[in-house]
Structures are given as structure tokens and as C-alpha cells.
Amino acid sequence: MRKKRKREHVENYLRTTYKGDTLLEDVFLQHNALPDLSFEDIDTKTVFLGKTVDYPIIINAMTGGSDFSWEINRDLSLIAKEFKIPMAVGSQTIALCEEEECRDSFEIVRQTIGDDGIVIANLNAQASLEDVKRALDMIKGDAIQLHLNPAQEVVMLEGDRDFRGILRNIETIVKGIGKPVIVKEVGFGISKEVAEKLYNVGVKNIDVSGYGGTNFIEIENIRYNNIDFSDLYSWGIPTALALIKCRELSQELNLIASGGIRTGMDIIKSLVVGGDMAGISGEILSYLLHGGYENARNYLEATIHKMKIVMLLLGKRNMEELKATDYKIVGELKELVNNL
Ligand code: FNR
């Protein structure tokens, strides 16, 4: 059942057509006609989870658990290794509950990336501490992502309906696991209020995974057509808004910007407004499934190149300078930031 669902998520992601808005378009960055640096000077390295990575980009959680996802994870992890960036695997619940063979598609990621790279485990935030340990052990994970996905679960026919006690469970994991915990959404965003609750129980890494990219209400709607959920497609906190509000909480929070990150400009803007790293899921998966490994790696190479072009045009040499860039917000984003 889970294997079938995993495959349907990937296939139906490709069939989605609804376009949400991250509101990153409402972030204005000022051109610098006198950048006092050479393109060669631009340094995109950063430290994430205690290891240096070449770019502030994560290939974010998607899949695992079948032959079909073995190939996807093998290709994505080759790209992560080549560009020296972190990769998160998809939910490992399937590998904890089902046959041994389900593990291969997760283990391939660590095998490909090697011990120096960053590989991130992934489970639902309701998982037990014991299961989190097993998921980390399976891939020698540098960190565990715990996903919060109530909007997806409630529209999924076989999904969870009981969301009580999750914050307390996260606290137990944070206190008991001894490895970094990243709490993430799956495309509906994390508000400042939720981020504060997480921060107060010891969570230091939050992936806002906001609205504007992959839409799990639409993905689930394609899987079942007994009820039409299309009127809920606009639900969620746009990524730009989630980032700005969560960043207000603390400078210490390690914030990951994801949800609708597709271009070099998206990465730059999401880092300027508060992200420390940017996560890409759906867009790189599209390139992979439509044109194969070369297509996906070329997409990432071009995205990085454009990201560096924008850094040059802002006159920013490195990540520290980039993150300190002044910006202005306009339109709907300004209205929401000022009123929330
Ligand atoms: C996902 N995502 C996801 N997240 C997670 O924590 N565990 C998972 O197993 C999955 N599975 C999954 C499958 C597929 C096919 C997609 C496209 C996405 C959510 C993902 O990590 C991310 O939070 C959202 O997709 C938003 O980012 P993008 O896709 O807009 O870049």
C-alpha cells in the first residue's frame, strides 16, 4: 500500500497544474551598478550541520521505499555528491515497517554521497524515539527531519486524523536523540506562532516549507476523486511570509527556505529574507523525470550560475554579506507581514 502511494505521489506531482505563489516576487532587491568584485571572487560555501557545503542548497525530502524510488534517489544523490550539497531522503516509515528490500532505496543515498557529505533522515513528527534512531542508523544520518503534514493527512483517504501530542513527541525526540532535529512542513508553511512553540521545546532547525510550490492537497486530490478538494488548493502560508515571520523570532534559529524554490533568484531572495539554506524538491524532480539525470544536474548547474550572477549584481561576495542585504517588500507580502 505504502509503495503504491509513494509512486503515486511522484507520478501525481507531475500531473499537478495549480500554481501557488511564494510571494518572493514581492521582495525587491536593488541593483548595484558598481559591484567591486570579480565573478571569480564569489564564494557560495557555507556551514550546515557542522559541515562545509559548496552551496546553500538542499535536495529536499521526497522519496524512497521501492525500485522506482531507488533510481530517483541514486540520481539525486549523484547530483548532491557532485555539487557537494546536502540531501534529505523521503519518509522512511516504509522501510521501518515493510520488507528489508525497502531499505536499499534509502541506503543508496549514503553509499553514493559518502561519509563526508550530509544525508538527512526523514520521518513523520509522530514517530517514536526508537524509530527515529533506526531511521538515522539506516543511512548514518547527520540529522533527522520530522515532517508536519496535517493538511496532507486530512485530505488523504487513509491519512491520520489525530494530531494531538505532536509537540510533546518532538520535545522527547529533541531531548533524547543527540543529533540535530529539523522540523519541516511539506508545502503549507510554518507560522511564527508554531515556530515559537517548536523553539521553546528546543528545536533549533526549522524548514518552513511554505506555500507556492508542491501542493499536496492537489496531489492527494488526483489520487482520489470521491470529494473534490480543489477549493482548498490556495491554503497555506507563502514561503516568503513564513520566512520573514519565523526569522523575527530569533537570529539563532537555523531556517531552511523551501516550498516553491525553483530558480537562482528564488534562492537569493529566500536567503536575503531570512533563510540559511534553500531546499528544492519538486522542481529538480521534474527535471529528472522529464529528461533524466543529465537534465536535472544541468538544471542545478544553471540555477547555481544564475544565483552567482545575482550575487555579483548585488555586490555580495559571500553568504554572510548576502544574508545582510537590505531588501524592501511590496504588495501582498508587505500587507501580510505588517498585519500579522
Ligand atoms: C515531498 N515532500 C516530502 N516531505 C517530507 O518531509 N517527507 C516526504 O516523504 C516527502 N515526500 C514528497 C514527495 C514528493 C513527490 C514531493 C514533490 C515532495 C515535501 C518536500 O520535502 C517539500 O517540503 C515540498 O515539496 C515543498 O517544496 P517544493 O517541492 O515546492 O520545492
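Positions of Cβ are set from backbone N, Cα and C atoms, glycine also.
Straight from TrEMBL, the features:
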type: BINDING; residues: Arg5, Lys6, Gln152; note: substrate binding site
type: BINDING; residues: Ala61, Met62, Thr63, Ser91, Asn122, Lys184, Ser209, Thr214, Gly260, Ile261, Arg262, Ser281, Gly282; note: FMN binding site
type: BINDING; residues: Glu153; note: Mg(2+) binding site
type: DOMAIN; residues: 168-325; note: domain 'FMN-dependent dehydrogenase'
Mapped onto three states, the DSSP assignment of Ser209 (FMN binding site) reads coil
Give the mean pLDDT for the domain 'FMN-dependent dehydrogenase' (168-325) on the 0 to 100 scale.
97
Quick check: with Arg5, Lys6, Gln152 left out, which same-chain residues have Cβ atoms within 8 Å of the centroid of the substrate site Cβ atoms?
Arg2, Glu8, His9, Ser91, Met156
CB < 6 Å to ligand 1, subset of binding-site residues Arg5, Lys6, Asn122, Glu153, Arg262, seq order -> Asn122
Compute all pairwise C-alpha distances among Arg5, Lys6, Gln152, the residues listed as binding substrate, and give the largest one in whole angstrom.
14
Candidate with sparsest Cβ neighbourhood (10 Å radius) among Arg5, Lys6, Arg262, the listed binding-site residues:
Arg5
Starting from the Cα of Thr63 (FMN binding site), work out which of the binding-site residues (Lys6, Gln152, Glu153) are within 10 Å.
Lys6
Residue, out of the binding-site residues Thr63, Asn122, Gln152, Ser209, whose Cβ gathers the largest set of other Cβ atoms within 10 Å:
Ser209
Could you tell me which of these binding-site residues, Gly260, Gly282, has the fewest other Cβ atoms within 10 Å of its Cβ?
Gly282
Using the alpha carbons only, what distance in Å do you get between Gly282 (FMN binding site) and Lys6 (substrate binding site) once rounded?
14
Output, ordered by sequence, the same-chain residues six or more apart from Ala61 (FMN binding site) with a CB under 8 Å from its CB, or 'none'.
Ala88, Val89, Gly90, Ser91, Ile120, Asn122, Gln145, His147, Lys184, Ser281
Neighbour count, 10 Å Cβ-Cβ cut-off, for the residue listed as 'Mg(2+) binding site': what number do you get?
19
Among Ala61, Met62, Thr63, Ser91, Asn122, Lys184, Ser209, Thr214, Gly260, Ile261, Arg262, Ser281, Gly282, which the record lists as binding FMN, the farthest-apart pair of C-alpha atoms sits at a distance in angstrom of 22
I need the nearest neighbour of Lys6 (substrate binding site) among the binding-site residues Glu153, Ser209, Arg262, using C-alpha distances.
Glu153
